[in-house]
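Structure first, commentary second.
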Amino acid sequence: QSSSEMPETITSRDAARFPIVASCTLLGLYLFFKIFSQEYINLLLSMYFFVLGILALSHTISPMMNRFFPANFPNKQYQLLFTQGSGESKEEIVNYEFDTKDLVCLALSSVVGVWYLLRKHWIANNLFGLAFSLNGVELLHLNNVSTGCILLGGLFIYDVFWVFGTNVMVTVAKSFEAPIKLVFPQDLLEKGLEADNFAMLGLGDIVIPGIFIALLLRFDISLKKNTHTYFYTSFVAYIFGLGLTIFIMHIFKHAQPALLYLVPACIGFPLLVALAKGEVTEMFSYESSAEILPHTPRLTHFPTVSGSPASLADSMQQKLSCPRRRRQQSPSAM
């Protein structure tokens, strides 16, 4: 339970193994779709991501929705508790505290979930995909720039091989009817919301660069210069890399591995800035602590969740008003 209070820290060993594990998973899915009926697999996956999508979207919109509730809103507290065993051997399996506002967010997210389940509409798909991406960036944590370079470099090779070397990546992406990708309608002007010709962007192309950009934001704050130079540089670099991906895709009319363009941009641009400012040593010697930034939403691992989003936000504000000591925590395995 204590380990679930912090994001999962990706070590250099995890980063090196990540492309291998991802390749095995991707190949396994490809063979699965070749052997078994695609219709029944997607039905099972739709139900699975229906539940996950509702929870992820509810957590994502909760901070925004809190602004719309009036001050006199009857906000009651609830607790969902499941235990195993009895007496001294009793163990908590689920301990989830929530309130009425959380239930409202859950109800709104359920409407989107039913819409996705019945129609598989691209807007519902993208809402779930964005929620998964935000939660992914929040949950995964890089401890230093070297680890980030290892992770991005390995996935750079992974993405290029599986897109250009084989048809595995494209086949799985097209066969997998689940919100694991963002889709962009290319015939939106012709068919409107009923568009059916899509370009795709995998969530990994958002989350992986996203956790590296988040690391550079923490590095910016550690410099205590009241500037976010590296964060803004890497963010603009991501937009540039994504735009270049789309441009190349339209020119050659072929699926493109987004990380082929995103990785050099997200690593190269901040590195050039560090060279210009003479801070390369500081960048690569920086070790990110396990503390969460005060303004960063906090998501603990389900099912060992304790505290509603509103109560977590209140506790963060109380911590900000009091001096605190930095805590050291050993990285946990991914």
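Placed from the backbone N, Cα and C atoms, the Cβ positions cover glycine too.
As recorded in TrEMBL, the features of this protein are as follows:
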TRANSMEM  15-33  transmembrane segment
TRANSMEM  40-61  transmembrane segment
TRANSMEM  139-164  transmembrane segment
TRANSMEM  198-217  transmembrane segment
TRANSMEM  229-252  transmembrane segment
TRANSMEM  258-276  transmembrane segment
For the transmembrane segment (258-276), sequence-distant contacts whose Cβ falls under 8 Å of one of its Cβ atoms, 6 or more beyond its ends: 148-149, 152-153, 155-156, 158-160, 201-202, 205, 208-209, 212-213, 216, 229-230, 233-234, 236-238, 240-242, 244-245, 248, 282-283
Non-local residues, at least 6 beyond the ends, that sit with Cβ under 8 Å of the transmembrane segment (15-33): 41, 147-148, 150-151, 154-155, 157-158, 162, 168-169, 171-172, 175-176, 204, 334
